[in-house]
Ligand SMILES: O=C[C@H](O)[C@H](O)[C@H](O)COP(=O)(O)O
């Protein structure tokens, strides 16, 4: 990651974290941009901010605990005020590709339970049309082979995601599933692609359509806000 991308993530995260108030239930996203937000929320908590957080991954749960953020669960707090999360790509309709880190299932559950979903990114994530990043699909391991065949028949160029530390083993999600990355070069019609991803064995996919409330994108030394058109 370039230092400008990392500065842009910091700016976007800080802008989102400034929107949090006492008494809120906060969804804590996953990935490197969300990690910055979690750190900043932790600083505010240690200065007296009264909130509780719902982490979207085991990794974010660890970060939040280290940052002294009090945690809750969807069982205890089924309605979330604001979720702050990153994205791998977004377009100007605020369609998102998420799941580069494999956290898409819990992220989507938390996003759907949130009054507001604030997406924080650097300027490399904006893309019209959506392109430049595969669409992750979380699948039940039992159904992998027939699903791979179906995806291939639909020309979706599926690739089973492997662990980054051991390329001979599949990556396993927090919910013990596999991720298949669809190497689609360009997504001109995100809803059409979404409608194809309904086969048995698919648990969830990384297209987040009509979910984001707004995007805060760091660009240079500024933060740009994108609202849904
Ligand atoms: O599974 C990972 C999440 O969807 C992340 O929010 C997404 O991959 C963006 O991550 P980063 O902020 O590291 O670019």
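Glycine is treated like the rest: Cβ placed from N, Cα and C.
Just so you know, TrEMBL annotations are computer predictions that nobody has curated.
Quick caveat, the model's predicted, so the values are computed rather than measured.
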Identity of the substrate-site residue among 125, 145, 169 (reference: 30, 31, 32, 33, 85, 86, 87, 88, 98, 99, 100, 101, source: TrEMBL):
125
Rounded to an integer, what is the Cα-Cα distance in Å between residue 30 (substrate binding site) and residue 107 (active site, proton acceptor)?
8
Could you state the CA-to-CA distance between residue 85 (substrate binding site) and residue 107 (active site, proton acceptor) to the nearest Å?
8
Taking only the CA atoms, the spacing between residue 98 (substrate binding site) and residue 107 (active site, proton acceptor), expressed in whole angstrom, is 9
